[in-house]
Amino acid sequence: MDNEKGTSSSDLTTRQRKPLGWKAMPYIIGNETLERLATFGLMANFMVYMVREYHMDQVQAVTLINTWSALTNFAPIIGAFISDSYTGKFNTIVFGSIAELLGMLVLTFTSLVPNLRPPPCTADQITGQCIPYSYSQLYVLLSGLFLLSVGTGGIRSCSVPFSLDQFDDSTEEGREGSRSFFSWYYTTHTIVQLVSMTLVLYVQNNISWGIGFAIPTVLNFFALLLLFVGTRYYVFVKPEGSVFSGVFKVLVAAYKKRKARFTSGIDYHQPLLETDLQSNKLVLTDQFRFLNKAVIVMNNDEAGNEEWRTCTVRQIEDIKSIISIIPIFASSIIGFLAMNQQQTFTVSQALKMDLQFPGTSYLIPPASITVISLLNIGIWLPFYETVLVRHIENITKQNGGISLLQKVGIGNIFSISTMLISGIVERKRRDLSLNGVKMSVFWLTPQQVLMGFYQVFTIVGLTEFFNKQVPINMRSIGNSLLYLGLSLASYLSSAMVSIVHSVTARGGQSWLTDDIDKSKLDCFYYFIAALSTLNFIFFFWCARRYRYRNYSNEQ
């Protein structure tokens, strides 16, 4: 919007209005929370929708879900670039909210208009082959999913950075607010996910798919209204142009001066610009020293081409911070694989288990089993933030109790444990099922609880890490690295499912078949556990060598 105003990096310039902190949060978080109600509620039960209503087999449904999930998680990196470079965070969130609303409308129509999906299976067809979906029906379905992905790219890339803009990090209250924000942010998402995984799923499975899709669609509309209502409370930060131009400038300048040598009394390029005033407060670090040469002022740095021959200390240290988080980002991709499997194959397991709630005749919707994980998050996160952190701080004398990467590392251990327990439970379930006995679905509880702990530590930790360890003018991009990692993990998961299915089938029996009772899903889980263990060793090595940066204090 035109009323987005810039914030400078020094005391010489001020924000248009004083940051109001938590007063602005209900409107920003409320918007994204309702957005996740739509996407998470949809993803949790969408496999059932495609199998029952579009007559897809399990492999087709899993492949489509993983592909859509990957696109949805990749979209925020595009939204972040557009936001940080051109449109600003608020405008990007508004655009994303509108696209998401349109996507939900399309999917709602697919459930209400019979011609937009295949006809129901008849009694004779159930034992044979049901009428498949047509290409036109598939295109309508995919268009709705695409709009959802576009909307997600605008909302998720900017909600957290836009929220952090509302805290004044120059005050103790503002710093404490921004630190605790991440836990409460994830807690609100968990509560809404509980609603989507219980109420919405119940409506979809027992009343109507149309009503089940219409509920989050209506909520998305109110989320957009809520975002506009809160405009009087927001602080707007003006984008500074292409955020990657500074990166390329440093690389070009460092290459051109690769033969230069540092000597005593050397000149540094330190212009006192409003957008870069803090650069004269920094010193060059010895990390990635080959980039330091970009700051040297040479005799042939004429005014005409100086822009691409000289860089500030600020620009050089910013690109160093980006390079230094790449190994952590890479390790997170493998770490997400365990979560991917819990979101796909757990539903397949539940469909083959006893879904009856103990002591009642109520049948639990298969996709609702992940509610156990959400309950664990909803209980543990507030307890951790309000009680446990204070005690840990007294012991470690460190703000937050433990470092961000220590938190991520603890979560990775839970991820490995999740896959090991999942393999043990699946082996027992399959053995009983082959003997005509259905295991209670509540045997999936241990792995769901462990996955909840993984999200509490790793997902929350990575969200804070990627937002606080990048330059402030690149926060949207930093925040989107989490979703980029999830996207790449989804693609990797799809590729692994295909490769494992193809390779193991050569031996006569594939680990992953349409009939889970004839599969060896437990072996696949153990394979993911082994990969996660190797990944944890790599992460530990990288984390030990990482140097933290405090951009709030620099600003």
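Quick reminder: no glycine exception, Cβ is built from N, Cα and C everywhere.
The transmembrane segment annotation in Swiss-Prot covers 62-82, 93-113, 135-155, 181-201, 209-229, 234-254, 319-339, 363-383, 405-425, 441-461, 480-500, 523-543.
Contact check: the transmembrane segment (209-229) against the transmembrane segment (62-82) gives fewer than three Cβ pairs closer than 8 Å, residues 6 or more apart, which falls short of the contact criterion.
Tertiary neighbourhood of the transmembrane segment (405-425): same-chain residues 328, 332, 335, 338-339, 341-342, 443-444, 446-447, 450-451, 453-462, 465, 522-523, 525-526, 528-529, 532-533, 535-536, 539-540, 543, 546, selected by CB-CB distance under 8 Å and a gap of 6+ residues from either end. Long-range contacts of the transmembrane segment (441-461) within the same chain: residues 182-183, 186, 332, 335, 338-339, 342, 346, 349-350, 353-355, 358, 364, 366, 369-370, 372-377, 380-381, 384, 404-405, 407-408, 410-412, 414-415, 417-418, 421-422, 425, 428-429, 482, each at least 6 residues beyond the stretch ends and with a Cβ under 8 Å from a Cβ of the stretch. Within the chain carrying the transmembrane segment (319-339), a Cβ under 8 angstroms from the stretch's Cβ atoms is held by residues 246-247, 250-251, 285, 287-288, 291, 405, 408, 411-412, 415-416, 418-419, 451, 454-455, 458, 462, 465-466, 469-471, 474, 478, 481-482, 484-486, 488-489, 492-493, 496, 528-529, 531-532, 534-536, 538-539, 542-543, 546-547, 549, all 6 or more beyond its ends.
Residues of the same chain lying 6 or more positions beyond the ends of the transmembrane segment (363-383) and with a Cβ under 8 Å from any Cβ of it are 44-45, 47-48, 183-184, 186-187, 190-191, 193-194, 197-198, 201-202, 204-205, 342-343, 346-347, 350-351, 355-357, 441, 444-445, 448-449, 451-453, 455-456, 460. Long-range contacts of the transmembrane segment (181-201) within its own chain (CB-CB distance under 8 A, at least 6 residues past either end) are made by residues 25, 29, 32-34, 36-38, 40-41, 44-45, 160, 163-164, 167, 212, 215-216, 365, 367-368, 370-371, 374-375, 377-378, 381-382, 384-385, 455-456, 459-460, 463-464, 467.
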